[in-house]
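A.B. asks: These came from TrEMBL, pasted as-is:
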type	residues	note
REPEAT	23-61	repeat 'HEAT'
REPEAT	128-166	repeat 'HEAT'
REPEAT	167-204	repeat 'HEAT'
REPEAT	210-248	repeat 'HEAT'
REPEAT	249-287	repeat 'HEAT'
REPEAT	288-326	repeat 'HEAT'
REPEAT	366-404	repeat 'HEAT'
REPEAT	405-443	repeat 'HEAT'
Amino acid sequence: ARHSITLSTSKMAGADGDDSLYPIAVLIDELRNEDVQLRLNSIKKLSTIALALGVERTRTELLPFLTDTIYDEDEVLLALAEQLGNFTMLVGGPEYVHCLLDSVRLLAVEACVSIATLLPQEDLETLVMPTLRQAAEDKSWRVRYMVADKFSELQKAVGPEITKNDLVPAFQNLLKDCEAEVRAAAANKVKEFCENLPEDSREQIIMTHILPCVKELVSDTNQHVKSALASVIMGLSTILGKDNTVEHLLPLFLAQLKDECPEVRLNIISNLDCVNEVIGIRQLSQSLLPAIVELAEDAKWRVRLAIIEYMPLLAGQLGVEFFDEKLNTLCMAWLIDHVYAIREAATCNLMKLVEKFGAEWAQNTIVPKVLGMANDPNYLHRMTTLFCINALSEACGQDITTKQMLPVVLKMSNDQVANVRFNVAKSLQKIGPVLDSNALQSEVKPVLEKLATDTDMDVKYFAQEAISGKLVFPPPAAETSLYVRFYRSGKPDDHAVFLSSSTVLSLA
């Protein structure tokens with residue numbers, strides 16, 4: 001026989017009805033409405049219905065009614081599960097909490113987590129685990145997804161013995177689920193699940209039951225699954241120790257480093273420090289570094305580009321000494337790559353490295369190599385020198401820019417290739433704000449004036465751009481005048497005005 005709640009709008013229509021309960025009757029009727037949104041709204045107000053009915057009627061009427069009535073869309077069932085997770089006091093307290101599991105066809109994971117923490121250990125097997133087992137194998141992928149998403153909480157709630165006997169096989173099944181969303185949710189919990197396993201059997205469970213599933217997920221067809229796994233898999237190294245990491249995990253890391261999905265590669269590189277702590281930098285360099293170098297030299301330029309974009313992050317993970325020894329040469333080689341996008345990315349990469357390691361490191365390590373390219377026979381490489389100076393000047397500061405970079409730029413103004421000369425003009429405009437006033441007046445200005453009379457139209461154009469308003473030159477040092485930039489409507493005026501000190505005093 002189907003259960004019903006005696007309270008309904010039809011019965012409330014009578015003149016003798018209790019008008020105060022009419023809103024509750026409306027909510028109950030909406031639980032049966034064909035409109036999903038109305039059912040959802042009513043589900044979200046279940047606590048109001050339960051309070052109005054009282055604990056006994058909630059147990060004997062509302063819960064059975066829900067069991068019989070709500071065979072529904074996953075969205076409604078998920079909302080129901082969320083509500084029932086907070087229903088303990090509404091059914092009469094912990095001693096009646098089993099009613100929530102016995103009575104409702106639930107995606108009952110939310111409720112199971114809450115309830116398992118209230119029950120004594122001996123009652124978990126009979127009152128909670130049947131529902132959990134059913135939820136882990138539910139026909140709705142959303143139910144299984146919720147189990148996977150809450151797995152760490154469930155594991156802590158049920159304790160080590162039930163974890164070993166029940167949750168380990170359930171977790172294996174979730175990692176092999178037919179739905180990618182479920183596999184991804186389970187993969188995201190791999191490290192946490194393994195950390196919380198009983199210490200005396202942790203390694204054996206991982207190696208025997210979990211790692212075989214993890215190996216399959218490394219080559220999963222879904223990139224979200226692989227990415228979720230890559231975000232946590234490095235953490236297994238601290239759990240399994242050096243020998244197991246070298247023998248079993250490093251091959252998986254290598255495979256993920258070469259994955260076609262950028263997010264997978266990024267997640268591995270982002271967590272290299274976890275492995276470094278366990279196996280040491282030398283072992284890491286012998287195993288993973290060759291794979292990184294291989295990718296950095298890949299025939300496909302997009303693969304090379306991806307590795308360049310991760311290099312600042314990788315440098316931060318491995319430290320300046322390791323970077324200088326193993327990766328510096330690689331970064332410089334990218335500057336003369338035959339693909340412009342690679343050279344451009346390599347320039348940006350240098351700027352980020354200088355921001356990470358500092359101007360002194362740049363002065364000793366990067367700047368001399370960059371400036372050396374100014375004499376390269378290939379004009380594209382000479383232009384890359386200018387692009388690097390543009391990118392590095394601000395990070396390196398005024399002293400390095402003025403004393404080391406500027407002389408090279410000025411010398412390149414005599415280059416035979418017009419493309420180089422007009423890029424000199426653009427570079428002088430770019431680094432101008434970093435230079436001191438004496439250098440601007442005595443060194444930059446004459447060169448720009450010379451370029452402004454160049455035979456090439458583009459060279460003349462960019463030199464004049466730098467001179468006329470875009471790059472403002474102070475007066476000679478002998479004139480003790482002040483440069484004043486006027487603002488109109490909150491923006492700097494195009495015209496620079498020089499006022500002598502006497503004029504300024506008279507204005508004051």
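Just so you know, glycine gets a Cβ as well, placed from its N, Cα and C.
Help me picture these features in the structure, burial and contacts included.
C.D. replies: For the repeat 'HEAT' (23-61), the model's average pLDDT works out to 83.
Outside the repeat 'HEAT' (167-204) by six or more residues, the chain places 132-133, 136-137, 141, 144-145, 147-149, 151-152, 154-156, 158, 160, 210, 213-214, 216-217, 220-222, 224-225, 227-229, 231-233, 235-236, 239-240, 244 with a CB less than 8 A from a CB of the stretch.
Residue counts for the repeat 'HEAT' (210-248) under DSSP, split into helix (H, G, I), strand (E, B) and coil, are 33 helix, 0 strand, 6 coil.
Through the fold, the repeat 'HEAT' (249-287) approaches residues 214-215, 218-219, 223, 226-227, 229-231, 233-238, 240-242, 294-295, 306-307, 310, 313-314, 317-319, 322, 326 of its own chain, all at least 6 residues removed from its boundaries and within a Cβ separation under 8 Å.
Note on the repeat 'HEAT' (288-326): residues 250, 253-254, 257-258, 262, 265-266, 269-270, 272-273, 275-276, 281, 334, 337, 339, 341-342, 345-346, 349, 352-353, 356-357, 361, 365 of its chain, located 6 or more positions outside it, place their CB under 8 angstroms from a CB of the stretch.
Non-local neighbours of the repeat 'HEAT' (366-404) in the same chain are 332, 335-336, 343-344, 347-348, 350-351, 353-355, 359, 411-412, 415, 417, 419-420, 423-424, 426-427, 430-431, 434-436, 439; each lies 6+ residues outside the stretch with a CB under 8 Å from one of its CB atoms.
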A.B. asks: Summarise the repeat 'HEAT' (405-443) as counts of helix, strand and coil residues per DSSP.
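C.D. replies: Helix, strand, coil within the repeat 'HEAT' (405-443): 34 helix, 0 strand, 5 coil.
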